[in-house]
Amino acid sequence: MPVRTNAAPPTPWSRDFAEPQVDSSAYVHSFSRLIGDVRVGSHVFVAPGSSIRADEGTPFYIGDSTNIQDGVVIHGLEKGRVKGEDGKDYSVWIGKNTCITHMALIHGPAYVGDECFIGFRSTVFNAKVGDGCIVMMHALIQDVEIPPGKYIPSGAVITNQQQADRLPDVQESDRSFAHHVVEVNEALLAGYQCAEDSACISPILNGVNHSPSNSLETTTDNNYINSVGNMSTSNDIRGQLRSLLAQGCTLTIEHANKRRFKTKSWQTGGTITGRREDQVIAQLDSVLQQHAGEYVKLVGVDPQAKRRLAEVIVQRPGDDAPNLRMSNHSSNGNGNGNGNGFSSNGNSTSKLSGDISAQISSLVNQGCRIGIERASKRRFKTKSWLTEGQVDGSVQQVMSKVQSVASQYPQDYIQLIGVDPNVKRRIAEIIVQRPGEGLAASSSSSSGYSNSGSYSSSNSHSGSSSLSPEAIQQVSSLLSAGYKIGTEHANKRRFKTKSWQTCSPIESTRQSDVIASLEACLQEHSGEYVRMIGIDSAAKRRVSETIIQRPGNGNSAVATTTTKTTSYSNGNSNGNGGSYSNGNGNGRTHGYSNEFSNKHLTDEAMQEVRSLLSAGYKIGTEHANKRRFKTKSWQSCSPIESRHELDVVAALEACLVEHAGEYVRLIGIDPGAKRRVSETIIQRP
């Protein structure tokens, strides 16, 4: 293969037309460029895409057995020289057995000693790097002299001698990594040279074409790519996934092979877009299959604080496939009527429900401290909790301590606190016991996750009513859209005058905590109307109002009515031929089986929303009563700032509820041109 070398062009700095001097044992790829007085020693490997130009500063020297990897740039200024080991002046001197890795920049005057390692995209300018130094990735070394045997970490900026003198010594692990990279490039050198030598390559080609054993070995070696099958994670990882999703975290994937894992050089594997647990699990399975045989790490990121909350390694090379699709906490669907989705999870040794156990496991694995608090009924109303101390240790130790406290105070509320020791703030509050109900395995809060068909009969006494599956679905939808949950209550007299009273605020955004607080509110105000409110804290407005309890109707009232239309249309027709004032639960169920209300977007409207969002447009809404509609006097609704489909759909459905009985139209807005691109009526009276 011909080497692309050129004499230096005639410039103000060079008139001698010097050409590169390349040793016969060196390999310079045809896709690299050598220009001017470049002296290349024996067994040097110059990879494709590298540029070595001695057309300004000159000459350059590259020592024996050194390798120059893809994309390396070596250049020098007209003025400034360094003293080489042979006593002569050079613009750039690179010693023996040195590795200049991908995309590095060596700009003269520069000296790099023997057995050095210059990491990816690092820069050496007007500096001297002593023998045996290791420079990691994205470092800058300028105007300094690095003593021999020093380690420069990734991203370091070394621009004064005091910094250079304080650098740490190279460790054996760093040296082994550098040697590994050098060995790889030595193998590449031998391979490239062999490929150009017919005497070397012919036996290999013949062996590949005629040896069945070689073909079999190749197939066997590559089988690991597809040997994973249905990759899945264990129960602990499922619990951590559930906990991160409940905290509203953004989930991203990182992966690394064994070599990258040693140097902590993780590669980004993309972001998991789903918000439901089953969607996340499906995407994670796909990622595990894609990166079989590698380390895979799940990262939970707080989108508000823009920092990492958790890093969980979910796959290691050679480990058995973790079991992610195992549905240990789902209802078995046999209609046993217990309403407890965790009764058949096989965990008979613990009194805590599977969901609570998973959350505890997740908190412990994240390094959180676990605290225990209790409160009597009176203290619970004022949120005056008493501390029972912290528990350090395993999940079983935490459970044991919780059971001990529960046995001492059976008539108190007991909650677990997860505390992040780094930022010193609470990240979880989980109520695990309520007065007279024992631990969460038998409490109504755990039944909120059940898929049992006999849900409505799980509590026969009206004093401790449970949320319906529709209410839990609405809670999940509101939380996933970033809204907060509130509650209000009213007796029969106040209900007639719409004089609702506010309950204790719900600060948590974890689904389990919100459900627990809602059920506590239902118990506290049994015999009254209770409604759940979805609150957009940014816009400071309500997005939904839903009655979840009516006097004397028990659970049936919880599952049948919404009040957003009641508060605006006073119980008139819901537009589907039914009435919200029904409330007895024995007719058609008009409940909130979708996300925020019984007002749903049509398939055509959903398609329009997706089309507009995918084109980069914003969504707006306008409404008009019949009189205004005739004169085309539309009124603007609250603006929709989000570009996420779930948030937009939630806001649109809230708008439909708010303006029930009116015309509502969807507007597509081009924010760049500040003009409307579409107008679609999505509701008529």
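Backbone N, Cα and C define each Cβ position, glycine as well.
Residues annotated as active site, proton donor/acceptor in TrEMBL: GLU56. Counting every protein chain shown, the number of other Cβ atoms lying within 10 Å of the Cβ of GLU56 (active site, proton donor/acceptor) is 18.
Just so you know, the Cβ of HIS107 (Zn(2+) binding site) picks up 19 other Cβ atoms within 10 Å once every protein chain is counted. HIS107 (Zn(2+) binding site) carries a strand DSSP state (E or B). As annotated by TrEMBL, Zn(2+) binding site applies to HIS75, HIS102, HIS107.
Following the DSSP three-state reduction, the secondary structure of CYS194 (disulfide bond) is helix. Summarising the annotation, TrEMBL assigns disulfide bond to CYS194-CYS200.
Positions annotated as domain 'Ribulose bisphosphate carboxylase small subunit' by TrEMBL: 224-317 (among others).
The feature region 'Disordered' is assigned by TrEMBL to 316-353 (among others).
The domain 'Ribulose bisphosphate carboxylase small subunit' annotation in TrEMBL covers 343-435 (among others). Within the model, the domain 'Ribulose bisphosphate carboxylase small subunit' (343-435) shows a mean pLDDT value of 76, rounded to a whole number.
Residues annotated as region 'Disordered' in TrEMBL: 438-469 (among others).
Marked as compositional bias 'Low complexity' by TrEMBL: 438-468 (among others).
Residues annotated as domain 'Ribulose bisphosphate carboxylase small subunit' in TrEMBL: 461-551 (among others). The helix, strand and coil residue counts that DSSP assigns across the domain 'Ribulose bisphosphate carboxylase small subunit' (461-551) are 34 helix, 26 strand, 31 coil.
Under the heading region 'Disordered', TrEMBL lists 551-595 (among others).
Residues annotated as compositional bias 'Low complexity' in TrEMBL: 554-573 (among others).
What TrEMBL lists as compositional bias 'Gly residues' is 574-588.
Per TrEMBL, domain 'Ribulose bisphosphate carboxylase small subunit' is recorded for 592-685 (among others).
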**OP:** Work out, from DSSP, the number of helix, strand and coil residues along the domain 'Ribulose bisphosphate carboxylase small subunit' (343-435).
**Re:** 32 helix, 31 strand, 30 coil
Original post:
Residues with Cβ closer than 8 Å to the Cβ of HIS102 (Zn(2+) binding site), same chain and 6+ apart in sequence?
Top reply: GLN69, ASP70, GLY71, VAL72, PHE120, ARG121
Original post:
Taking the Cβ of HIS75 (Zn(2+) binding site) as centre, how many other Cβ atoms lie within 10 Å?
Top reply: 21
Subject >> For CYS194 (disulfide bond), the one of GLU56, HIS75, HIS107 that lies nearest, given that the recorded positions are compared by Cα >> reply: HIS75
Subject >> For CYS194 (disulfide bond), the number of other Cβ atoms found within 10 Å of its own Cβ >> reply: 13
Original post:
At the level of the C-alpha atoms, what whole-angstrom distance separates GLU56 (active site, proton donor/acceptor) and HIS75 (Zn(2+) binding site)?
Top reply: 8
Original post:
DSSP says what for the domain 'Ribulose bisphosphate carboxylase small subunit' (592-685): how many helix, strand, coil residues?
Top reply: 31 helix, 26 strand, 37 coil
